[in-house]
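Noted in Swiss-Prot for the protein shown:
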type    : residues                          : note
BINDING : G5, P6, T7, G8, T9, G10, K11, S12 : ATP binding site
BINDING : T7, G8, T9, G10, K11, S12         : substrate binding site
SITE    : S99                               : site 'Interaction with substrate tRNA'
SITE    : R120                              : site 'Interaction with substrate tRNA'
Amino acid sequence: MAIIGPTGTGKSQLALDVAERLGPLGAEIVNADAMQLYRGMDIGTAKLPVDARRGIPHHQLDVLDVTQTATVARYQRAAAADIEAILAAGAVPIIVGGSMLYIQSLLDDWSFPATDPRVRARWERRLAEVGVGELHAELARRDPAAAAAILPTDARRTVRALEVIELTGRPFAASAPRIGAPRWDTVIIGLDCDTTVLDERLARRTDAMFEQGLVAEVTGLLGRGLRDGVTAARALGYAQVIAALDAGGGDEQLRQAREQTYAGTRRYVRRQRSWFRRDHRVRWLDAGACSPPRLVDAALGAWRHVS
């Protein structure tokens, strides 16, 4: 089973509830949130602490230092190996997350085009000249679908997408397989809810992150090299707090960081919705209208119908 959908819809809690309900069958959770791969990035990614995981094994959490680069290809290999091992043990893998390319690469066994250092270097020079915002806008003109899935602040993935487009002469998404039967016959459950309801959840979520110590978490990670990280430093919340600290770290700068984090998360949710809604295999559930037990019933009903 895969549980996907926009940020803030309750995917992690549903995964825990489903795993508990499966009981004797055994279930293990495989993370598909790119920023939860990083050790120490806990508050800003809403990562479940160990004591909240109900004794259920979790995979692909805390596997990278913040100075390491997260790549879809590395994740695909590692997560697929985890899933194969879980299945071999007779248990049920539950993939959970909202990182669009990570999920598609895993469920559709995406093959990644080769890279060309000269082409990559040319786009990196262009990045240095015009900045990531202009480069992302260029990607949006060439391949709107790829731009929708890549954060406007994500220089590395923007460069990679433009490199693939130049090398293949096709949109970046064209290197993905056609949507067919998902790998491992995975049942894909989508969680979403009314925009007004989700906006309120995101506002509370953002406030909670700052109140629970996001600024202190970022400060500690800066001492471990966060600023040098190609992908970790650009994560929502972390990038905004870094900018606020660089500007003096006063109350006004941190207030702006909080507002920018909320606004950036809402924009990211729109991209997630656009991406996931194109996948006809997703069985959507209303996280705002259904009680947790009903969500579990619906998810397991869909899974049992297929399995």
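Each residue, glycine too, has its Cβ placed from N, Cα and C.
Those residues of the chain, other than G5, P6, T7, G8, T9, G10, K11, S12, with a C-beta within 8 angstroms of the mean position of the ATP site C-beta atoms are G98, L191, A287. Looking only at the binding-site residues G8, G10, the densest Cβ neighbourhood within 10 Å occurs at G8. In the three-state DSSP scheme, G8 (ATP binding site) falls into the coil class. If you take the Cα of T9 (ATP binding site) and the Cα of S99 (site 'Interaction with substrate tRNA'), they are about 14 angstrom apart, rounded to a whole number.
Around S99 (site 'Interaction with substrate tRNA'), the same-chain residues at least 6 positions away in sequence with a Cβ under 8 Å from its Cβ are A32, D33, A34. The most densely surrounded of the recorded positions K11, R120 is K11 (count of other Cβ atoms within 10 A of its Cβ). It is 31 Å from the Cα atom of R120 (site 'Interaction with substrate tRNA') to that of P6 (ATP binding site).
Neighbour counts were taken at the CB atom with a 10 A radius for the binding-site residues T7, T9, S12; the maximum falls on T9. Following the DSSP three-state reduction, the secondary structure of R120 (site 'Interaction with substrate tRNA') is helix. What surrounds the substrate site, by Cβ distance within 8 Å of the Cβ centroid and not counting T7, G8, T9, G10, K11, S12, is the set G5, P6, Q13, A46, G98, L191, A287 from the same chain. Just so you know, the Cβ of G5 (ATP binding site) picks up 27 other Cβ atoms within 10 Å once every protein chain is counted.
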